[in-house]
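Okay, structure first, notes after.
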Amino acid sequence: MAVRVAINGFGRIGRSFFRIAHSRSDVEVVAINDLTDAKTLAHLLKYDSVHGKFDAEVYAEEDSIVINGKSIKVFSDPNPEELPWKDLEVDVVLEATGRFRDREGAGKHLKAGAKKVVISAPAKEPDITIVMGVNHKDYNPEKHNIISNASCTTNCLAPVAKVLLENFGIESGFLTTVHSYTMDQRLLDAPHKDLRRARAAAVNMVPTTTGAAKAVGLVIPELAGKFNGISIRVPTPDVSLIDFVCVVKKEVTPEEVNGALKAAAEGELKGILEYCEEPLVSIDFMGNPHSSIVDALSTDVINGNLVKVIAWYDNEWGYSCRLVDLIEYIAKCGL
């Protein structure tokens, strides 16, 4: 039986999640909650400037979206606690508004009758933060009801860090993510609490903060306190990369680093980590379902222990694939 999912927040991640879930037989989206009307939501689901037209018949009715003849209820309630998750027998809520990222806010879905909540962002005091392929086996259905899927950048970095840690040891590391612009920036110059994000996203490179590096310590405890990082937002709508530099505990060569990453991509991290030896650019990774794609041509080592790895990620599609995978895994382990 398919796991019954409600989506709270039908933005870039919510809609990408829906498209991916629609192709999986074991995930059923039964409801959507968003403050926008059903007609607008249906249009934005059907037509996407980045990912193209949705390969399905999509139209709106007064309070629902119809996909290939199947009606999905659409609600517009700002208070998750008032949503009919119990009546709809919702198993898991995907919390994708960006607003309910703390324990109290996400917990409102549980009060409304959902069994689990998966937050599509780093969260404050969740029961657990999970990166698929790295620490998903730590999930305990009896203890973990509010689950964070971390960030797209942490999902890219953590598999790479896991491989380097297990093969060579890591003393410390610094992340630079070259990140496509997101909704948390301004299209034209306008007020924002981060004065750099207040500047026009499509014409500037924007240095800003990221918690992605520090968050690796949540999923790989051995690395807690050893990483930091910065984000450079750039004028592309999708696909990002990490430039990760770390000091390892063994003397290594670029060939040894790539060998370890390739072995992991073909082995225990298959489907999560990909290894690429072609001279590609960002658009070539649009729609790539992996969390992290190693750019093997860019791997380098200085003085035997200072390692640089560059890895690509589709910060929308790849991350949304992991959200679907995580919910499938939660359902498999038990709700």
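In case you wondered, yes, glycine gets a Cβ from its N, Cα and C as well.
TrEMBL lists Ser151, Cys152, Thr153, Thr182, Thr210, Gly211 as binding D-glyceraldehyde 3-phosphate, and of Arg196, Arg199, Arg233 the one it places in that same site is Arg233. Geometry remark: Arg12 (NAD(+) binding site) versus Gly211 (D-glyceraldehyde 3-phosphate binding site), CA distance 20 Å. Long-range Cβ contacts of His179 (site 'Activates thiol group during catalysis') within its own chain (separation 6+, distance under 8 Å): Thr153, Thr210, Ser231, Ile232, Arg233, Val234, Ser240, Asn315. With the fewest other Cβ atoms inside 10 Å of its Cβ, the least crowded of the binding-site residues Thr153, Asn315 in this structure is Asn315. Across the domain 'Glyceraldehyde 3-phosphate dehydrogenase NAD(P) binding' (3-152), DSSP helix (H, G, I), strand (E, B) and coil residues number 36 helix, 42 strand, 72 coil.
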